[in-house]
Amino acid sequence: MRGEIDEANLAPETSLINKENQDSSATITTTLLLTTFVAVSGSFVFGSAIGYSSPVQSDLTKELNLSVAEYSLFGSILTIGAMIGAAMSGRIADMIGRRATMGFSEMFCILGWLAIYLSKVAIWLDVGRFLVGYGMGVFSFVVPVYIAEITPKGLRGGFTTVHQLLICLGVSVTYLLGSFIGWRILALIGMIPCVVQMMGLFVIPESPRWLAKVGKWEEFEIALQRLRGESADISYESNEIKDYTRRLTDLSEGSIVDLFQPQYAKSLVVGVGLMVLQQFGGVNGIAFYASSIFESAGVSSKIGMIAMVVVQIPMTTLGVLLMDKSGRRPLLLISATGTCIGCFLVGLSFSLQFVKQLSGDASYLALTGVLVYTGSFSLGMGGIPWVIMSEIFPIDIKGSAGSLVTVVSWVGSWIISFTFNFLMNWNPAGTFYVFATVCGATVIFVAKLVPETKGRTLEEIQYSIGYVEL
């Protein structure tokens, strides 16, 4: 049994230091921008993999003569690979470091895209898709954690949310390119951001907090100074990280079993709860049914998807800009409320289809609901759960906890993906009313349990959560 963390004893000795200079490093340096760009190249790969299957379905099935079952396996095996990658991601990142883990992930993605490009039979498509999915699963943990660990507290939320923005861009760019080029060339293009990141990893620093965790103190100082700028005073931040890390060395490395000790209860409930509510709030249902809804509204699916992109990217960008100004909680509350309204409108549109006088207006109500949901989800619920996941767990259990939270997210994604058609056959309106109820529950969950992490160091956040008795 691991020892319980005493919040008072973990309070940093550096708290007595004059704090006037602690924010002096909260500036955007060239190294910080470059490092973030390299990291989120992996997020773009993530988005490209998600967006690949939709535009290539027709050409791919015709050229390789795939059955419906074979193409369904090709689409779903990505999630299976991602679940396995997510389960292993935390331990890998703790063992070899955040930077090396991104390189490890990219090797799987490159091999996967290459296998898809060279495929002449279904089995190689599935192998390639599985490999890319595995890389995605690793990325979904390591990228937001790495960005959270390298950025100053005043910039951390916005920079970490760029992960979600690049996923959106990856999906959108791949979907648009897939409308004009063949599936093999699209797979080759998918390798470009992989190569960009692989090259960039040679010039960016490792996470200073991981270096401190493994006792590489000299490299820790060098990495932190590079990220904050050569003229920045890093003494307060450096001392706080060192003090916190040294006190945690008295505790053994956290495992999955250790996560269920009382002192981690609140962090676990918040991290897992946000991911469950995110996935069961209907995001995949909206995504899967969007084209049909657009067609029922008299809008072509291509124009409809472009409309979603037009809403999604600006709203995600707005979330990035507001993250460190308005805070995480207000954005989550607004976002969850908006997704609740969006799902309710879609559900209502299905209900009104049976009212003859209103059936024509119902399709436009569905279109409005989809766009309201998409914009609201992009503002907060899409990215903020990943930001909070990267902030609330202490370094000694971050690998195990992050893996658990990420696996929960992917399992939830698979459950909704698998059951959605069955739910729609059962009751289309009822399906979206259920999603609306989950989104409403998210508002209550955020209001009651989710802490505000804006403007606080990772160490301060973890002190404040403290010991929670179940």
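Keep in mind that glycine also has a Cβ here, set from the backbone N, Cα and C atoms.
Source: prediction; values computed, not measured.
Swiss-Prot has this to say about the protein:
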type	residues	note
TRANSMEM	32-52	transmembrane segment
TRANSMEM	68-88	transmembrane segment
TRANSMEM	107-127	transmembrane segment
TRANSMEM	130-150	transmembrane segment
TRANSMEM	162-182	transmembrane segment
TRANSMEM	185-205	transmembrane segment
TRANSMEM	268-288	transmembrane segment
TRANSMEM	303-323	transmembrane segment
TRANSMEM	330-350	transmembrane segment
TRANSMEM	369-389	transmembrane segment
TRANSMEM	404-424	transmembrane segment
TRANSMEM	430-450	transmembrane segment
- [ ] May I ask whether the transmembrane segment (107-127) has at least three C-beta pairs under 8 Å with the transmembrane segment (430-450), counting pairs 6 or more apart in sequence?
- [x] no
Task: Contact set, same chain, for the transmembrane segment (68-88): CB under 8 Å, 6 or more residues outside the stretch - done: 49-50, 53, 57, 60-61, 105, 108, 122, 125-126, 129-141, 403, 406-407, 409-411, 413-414, 417-418
TODO: State the residues, same chain only, that lie 6 or more residues beyond the ends of the transmembrane segment (303-323) and have a CB under 8 A from a CB inside it; answer 'none' if no residue qualifies.
DONE: 157-158, 160-162, 164-165, 168-169, 172, 175-176, 290-291, 293-295, 297, 331, 335, 367, 370-371, 374-376, 378-380, 382-384, 387, 454
Task: Contact between the transmembrane segment (32-52) and the transmembrane segment (369-389) (at least 3 Cβ pairs under 8 Å, separation 6+) - done: no
Open item on the list: Tell me if the transmembrane segment (107-127) touches the transmembrane segment (369-389). I count contact as 3 or more CB pairs below 8 A, with pairs 6 or more residues apart.
Closed with: no
